[in-house]
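Participant: Marked as active site, proton acceptor by Swiss-Prot: Lys34, Tyr249. According to Swiss-Prot, the substrate binding site annotation covers Arg133, Met297, on the basis of sequence analysis. Annotated N6-(pyridoxal phosphate)lysine per Swiss-Prot: Lys34, in sequence order.
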Amino acid sequence: MSLCTLAINLSAIKNNYFLLQDICKTSLVGAVVKADGYGLGAVQISKALIEENCRHFFVASSEEGVNVRKALGIDVNILVLNGVFEHDALELIEYNLIPILNNLKQIEIWQQFGNLKNLLLPCYLHFNTGINRLGLSSNEIEQLINNRDLLKGLNLQYIISHLAISEEIDNPYNLEQLNKFKAYLRYFPSIKASLANSGGIFLGQDYHFDLVRPGAALYGLNPLMQNPVTLKAPIIHLQNLTLDSHIGYNMTFTTKRDSVIATLPLGYADGYSRNFSNQGKVFINGRSVPIVGRVSMDLINIDVTDLPPSDIFLGQEVEIIGNHCTPDKIASIIGTIGYEVLTSLGNRYRRKYTR
């Protein structure tokens with residue numbers, strides 16, 4: 001078992017959910033739990049949020065959806081963002097998963113399996129309004145508008161779209177997407193709608209519609225939200241090095257003074273990026289400590305020379321992620337985003353869920 005502890009505060013995630021509910025008073029608030037709840041545990045997070053009456057959970061694939069369904073039971077909606085494919089349609093039906101249909105081919109597949117089972121199968125439609133990843137194209141949407149038989153035999157519950165740059169509040173592309181979405185919805189007046197992701201929630205009520213879909217904000221990846229994640233590692237080795245000593249693979253760091261170097265039991269195999277080599281920071285009792293040398297597969301070295309001797313001992317806990325170094329803060333060091341930091345954490349850590 002790993003010597004490092006990844007602690008996930010479910011109460012903090014719940015508090016973030018409450019705040020989002022307060023912002024979106026006229027809308028339902030779902031939860032995006034894809035990628036194993038952004039690396040933090042989809043099942044544990046979903047169970048916590050269902051206690052607060054969350055009833056819409058978004059996953060990427062049927063496999064993720066089955067995992068959540070088995071944990072939660074039948075009294076929730078589980079939405080599959082990648083839609084349906086011929087190889088997993090029966091699994092979606094068996095586990096009552098709702099696909100978000102992204103093109104005419106997926107609509108056709110879902111209709112065919114509905115006819116096969118003599119069922120009116122539930123679905124959402126995804127209209128592409130400008131992110132240009134998934135979603136029905138403007139040409140496909142026009143076909144649906146002009147030929148409603150293309151949706152015959154389906155229980156269409158929601159129409160959704162996805163914002164491309166919602167974290168930039170003043171970017172005009174947000175309004176462009178909103179207006180395009182509203183224009184499409186005029187042709188489907190009886191169908192509920194969903195547009196806002198985490199960033200979209202903070203763009204204002206015009207973006208909320210009937211259901212919002214926060215992911216990042218639930219997990220503290222927003223300045224207004226509470227960070228629920230703490231990753232700590234113990235010092236497992238200490239050494240005193242003289243001036244001009246080399247540290248780690250390829251000798252990328254050379255001491256400029258007599259130094260005290262501590263070794264921690266985590267590395268890139270644990271999702272701690274090699275890009276933190278010689279530029280990452282960790283914290284001991286609130287004081288910043290630099291990473292020196294290469295991040296290796298299972299180990300990193302830190303320079304603790306400037307700490308008081310009372311803080312330097314075998315077993316001392318070192319904060320890798322926490323309130324001093326949130327996922328967003330450490331992501332900025334290596335030019336990535338907090339999402340990547342969380343989803344890269346892997347399964348080697350000892351996990352602890354608190355409330």
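Each residue, glycine too, has its Cβ placed from N, Cα and C.
In terms of burial and nearby residues, how do these features look in this structure?
Facilitator: According to DSSP, Lys34 (active site, proton acceptor) is assigned to a helical segment.
Classification of Tyr249 (active site, proton acceptor) by DSSP places it within a helix. Its Cβ placed at the centre, Tyr249 (active site, proton acceptor) has 12 other Cβ atoms within 10 Å.
Taken residue by residue with DSSP, Arg133 (substrate binding site) is part of neither helix nor strand, so it is coil.
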Participant: How many Å lie between the Cα of Arg133 (substrate binding site) and the Cα of Tyr249 (active site, proton acceptor)?
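Facilitator: Between the alpha carbons of Arg133 (substrate binding site) and Tyr249 (active site, proton acceptor) there are 40 Å.
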Participant: I need the CA-to-CA distance for Tyr249 (active site, proton acceptor) versus Lys34 (active site, proton acceptor), whole Å please.
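Facilitator: Between the Cα atoms of Tyr249 (active site, proton acceptor) and Lys34 (active site, proton acceptor), the distance comes to 36 Å.
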Participant: Which one of these recorded positions has the most other Cβ atoms within 10 Å of its own Cβ: Lys34, Arg133, Met297?
Facilitator: Lys34
